[in-house]
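Take a look at the structure set out below.
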Amino acid sequence: MAITDILSAKDIESALSSCQADDSFNYKSFFSTVGLSTKTPDQIKKVFGILDQDKSGFIEEEELQLFLKNFSSSARVLTSAETKAFLAAGDTDGDGKIGVEEFQSLVKA
């Protein structure tokens with residue numbers, strides 16, 4: 001499954017253009033612009049499955065750093081500060097990674 005099966009290419013392009021500069025990524029505005037925050041829990045779960053590159057059932061810090069690349073191979077990697085802030089926002093149980101329920105809550109925040 002491709003991410004464009006759930007999200008429009010136009011919305012993805014718009015969301016990526018808003019965070020091209022280092023340290024400009026804001027997960028709330030990104031989720032809103034890309035249209036993810038309006039999707040159903042099942043659709044959000046499918047996007048989580050794409051982001052969970054190693055299929056561990058969690059999005060770890062290394063996968064978060066490459067978050068934008070899941071939307072476009074030409075997108076930049078997140079900076080260390082962006083990655084840590086994103087992880088801190090999503091990791092509500094403190095295990096150092098984001099599970100599917102945590103991701104769904106983060107998207108709807």
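Cβ from N, Cα, C; glycine included.
No curator has checked TrEMBL annotations; they are predicted automatically.
Here's what TrEMBL has on this protein:
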| type | residues | note |
| --- | --- | --- |
| BINDING | Asp52, Asp54, Ser56, Phe58, Glu63 | Ca(2+) 1 binding site |
| BINDING | Asp91, Asp93, Asp95, Lys97, Glu102 | Ca(2+) 2 binding site |
| DOMAIN | 39-74 | domain 'EF-hand' |
| DOMAIN | 78-109 | domain 'EF-hand' |
Cβ within 8 Å of the mean position of the Cβ atoms of Asp52, Asp54, Ser56, Phe58, Glu63: remaining residues of the chain near Ca(2+) 1: Leu51, Gln53, Lys55, Gly57, Ile59, Glu60, Lys97
Lys97 (Ca(2+) 2 binding site) CB neighbourhood, other CB atoms within 10 A: 20
Spatial neighbours of the domain 'EF-hand' (39-74) far in sequence, C-beta under 8 Å, 6+ residues away: 1-3, 5-7, 12-13, 15-16, 19, 25, 80, 83-84, 86-87, 90, 96-100, 103-104, 107
Nearest recorded site to Asp95 (Ca(2+) 2 binding site) by CA-CA distance, among binding-site residues Asp52, Asp54, Phe58, Glu63: Phe58
Using Cα positions only, nearest of the binding-site residues to Glu102 (Ca(2+) 2 binding site) (Asp52, Ser56, Phe58, Glu63): Phe58
Check: same-chain CB within 8 A of Ca(2+) 2 site center, minus Asp91, Asp93, Asp95, Lys97, Glu102: Phe58, Gly90, Thr92, Gly94, Gly96, Ile98, Gly99
Distance, Lys97 (Ca(2+) 2 binding site) to Asp52 (Ca(2+) 1 binding site) (CA atoms, angstrom): 11
Cα-nearest neighbour of Lys97 (Ca(2+) 2 binding site) within the listed binding-site residues, Asp54, Ser56, Phe58, Glu63: Phe58
Close in space, distant in sequence - Asp93 (Ca(2+) 2 binding site), Cβ under 8 Å, 6 or more apart: Gly99, Glu102
Same chain, 6+ residues apart, C-beta under 8 Å of the C-beta of Asp54 (Ca(2+) 1 binding site), given in sequence order: Glu60, Glu63
Rounded Cα separation (Å) that holds between Asp91 (Ca(2+) 2 binding site) and Phe58 (Ca(2+) 1 binding site): 10
